[in-house]
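J.: Let me begin by handing over the structure; questions about it come next.
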Amino acid sequence: MVYKLPRLRKIEVLIAHFVWWVNFTYLLVVSGVEAQSYKKRFAGLGHLKPGWISKVLNYFEIDKIQNLHQRDRRDGEWEQFLKAGPLLFLAIPFVYTSFYHLCRFLNFEKEKSRSLLLFLSFSNLTWLLTWQGMLIISLLTAFFYYLGRLRERFLIYLAAFFVVTVINDHDWVFTQFLHPDLPKRWSYFLVFAISTQIFRLVSLSLFIASQENDPDTLFDAFEYNFFLPVFCGPWFIYSYYRKDREKPVLPNSLFDVLNKLFGLGMLFVFIEFYLHLVPFTSFAYDVRSRSDMSLVGITGIAMFAVQHFCFKYMVMYGIGSFWSHLCGIRTPGGPHQVSTRCTFRDMWREFDKGLHLFLKHCIYIPICSTRETWRVILGTFASFYTVYYWHGATETCRDWATANCAGVMLEFMIYRASQTRLIQRFPSSITGRVNILLQSILFGWLILSNVIYLFNSDAAFQIINRVYFENAQFTLYLHFVLYCGAISISTIWPKAVKIEPE
């Protein structure tokens, strides 16, 4: 499916650019200013804490900028990343990458280098997970490898469903083995890594099942599943990993490495700055504040949340991708900027690129061997059910996955309808504008549906109810802005970025 604009006059496009970007900025600025008045309330509720910027201000004895002395701390994932990151995202991958380049410098044979690196991975993970936890993961790796050798695809999916069910309902099976000296704040990312490896193992097992001659070895399976630079993310399916493992592609120059590192560092500082400035995640935990805030303000808060979700994964997945690239493995990296996409399809393609590749190659394509409508619907449903179940099978995940699944299906239905002879009889200038109008409605739903996951179902439905039903004039204004946004975004970024490594 390709989303195309009709032929528009240049003045229409210029007006759309102006309306979209001015109002996009206006919504964010107004919500940021309004949010300042809630800081005292959030501090009393325990949603804020002193941040590192406040320490810098105190060091220089600057007391005038009171609004930067406390920061929002209600995004638990980001807070745990700050605490676990120095070890899990920096120190351990740095040691692995350094050892990789030491082996290259000493001209070790390829197989010897791979064996030493796998031993290093085993050593680090045995320390983190203890030998009992490492034994369980090793047995799972071997189990899925031999399922692939049996070429029983149904059993592969059934085994994955069973393991994810255990993780969802009885995660203590894995967490009980975490090293007792590790802080509890690190357990989130270790459990995340254990959960993510199930997708790695499924992609590995399905690839092994597709091999006719000389299947990859069990050593290859262990090397892939315990590849330390991306053990905590991003996602990376086996077929792409295998291609780069055989022919590593290292960065072209030191400048490229430093440029990537500088970009990640600046984005990290930017995230910390706006968390000090705008306590937007705290609104997810306070019904009264969501009720009292203006419609413009609460809409801007929803947009802040979506932007933050993108930025934080650009850092979290970007770090793993950075280390992986230094080892010659080109992982997908962090998400594309969400402000440059206005369709459900493109958002899912380019937000979590590794997850998209898994869903595409391991779920969607096997079902949609042909482009029959019922197969497309079934493949879409199966993909989003996988997303829902892997993310924990909670009520919030169910509502979020259902909303996004409905959005993708509606876009597909609109596209199919636009290709019928009846619709083709109308002038393209009319059908094209109707298509933009429908897409603008879905664009608004795309933003608000993802607030379900970023906040929770109750908070998101309160915001959705206010945006759509509290004031008809505001709702019409917002959809006019979204109509212009669909034109502006599709004009500036007419083609989706290619996400598969070449």
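In case you wondered, yes, glycine gets a Cβ from its N, Cα and C as well.
What TrEMBL records for this protein is below:
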| type | residues | note |
| --- | --- | --- |
| TRANSMEM | 12-33 | transmembrane segment |
| TRANSMEM | 115-148 | transmembrane segment |
| TRANSMEM | 154-174 | transmembrane segment |
| TRANSMEM | 186-209 | transmembrane segment |
| TRANSMEM | 221-241 | transmembrane segment |
| TRANSMEM | 261-281 | transmembrane segment |
| TRANSMEM | 293-311 | transmembrane segment |
| TRANSMEM | 434-454 | transmembrane segment |
| TRANSMEM | 474-493 | transmembrane segment |
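I would like each feature placed in context: is it buried or exposed, what are its neighbours, and how far apart are things?
T.: Beyond its flanks by at least six residues, the transmembrane segment (12-33) meets 277-278, 280, 293-294, 296-301, 303-304, 307, 339, 480-481, 483-485, 487-489, 491-492 of its own chain at Cβ-Cβ distances under 8 Å.
When Cβ-Cβ distances below 8 Å are used as the criterion, the transmembrane segment (115-148) is approached by residues 92, 95-96, 99-100, 103, 108, 155-156, 159-160, 163, 173-174, 177-179, 182, 190, 194, 197, 201-202, 204-209, 215, 218-219, 221-223, 225-228, 231 of the same chain, each at least six residues removed from its ends.
Sequence-distant contacts of the transmembrane segment (154-174), counting only residues of its own chain at least 6 positions beyond either end whose CB sits under 8 Å from a CB of the stretch, comprise 133, 136, 140, 143-144, 147-148, 191, 194-195, 198, 201-202, 205-206, 209, 389-390, 392-393.
If one looks beyond the transmembrane segment (293-311) by at least 6 residues along the same chain, the residues whose Cβ comes under 8 Å of a Cβ in the stretch are 24, 26-32, 34-35, 38, 75, 267, 270-271, 274, 278, 280-281, 283-284, 335, 337-339, 351, 447-448, 450-451, 454-455, 463, 466-467, 470-471, 474, 478.
Remote same-chain partners of the transmembrane segment (434-454), defined as residues 6 or more beyond its termini with a Cβ less than 8 Å from a stretch Cβ, comprise 3, 5-6, 284, 302-303, 305-306, 308-309, 342-344, 347, 396-397, 399-400, 403-404, 407, 410-411, 414, 418, 460-461, 463-464, 467, 478-479, 482-483, 485-487.
When Cβ-Cβ distances below 8 Å are used as the criterion, the transmembrane segment (474-493) is approached by residues 3, 5, 8, 12-13, 15-17, 19-21, 23-24, 295-296, 299, 339-342, 436-437, 439-441, 443-444, 467-468 of the same chain, each at least six residues removed from its ends.
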J.: For the transmembrane segment (261-281), could you work out the same-chain residues 6 or more beyond its ends whose Cβ comes under 8 Å from its Cβ atoms?
T.: 31-32, 35-36, 38-39, 42, 47-48, 51-54, 67-68, 70-72, 74-75, 78, 301, 304-305, 308, 311-312, 314-315, 318-319, 322, 455
J.: Which sequence positions outside the transmembrane segment (221-241), separated from its termini by at least 6 residues, show Cβ-Cβ distances below 8 Å to it?
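T.: Beyond its ends, the transmembrane segment (221-241) has Cβ neighbours at 88-89, 92-93, 96-97, 114, 117-118, 120-122, 124-125, 137-138, 141-142, 144-145, 189, 192-193, 196-197, 199-201, 203-204, 207-208, 316-317, 320-321, 323-324, 326-327, 329-334, 352-355, 357-358, 361-362, 500-501.
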J.: Take the transmembrane segment (186-209) and find every residue of the same chain, 6 or more past its ends, with a Cβ under 8 Å from one of its Cβ atoms.
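T.: Contacts of the transmembrane segment (186-209) (Cβ under 8 Å, skipping residues fewer than 6 from its ends): 76-77, 80-81, 83-84, 87-88, 128-129, 137, 140-141, 144-145, 147-153, 156-157, 160, 163-164, 167, 171, 174-175, 178, 215-216, 221, 224-225, 231-233, 235-239, 242, 355, 358, 361-362, 390.
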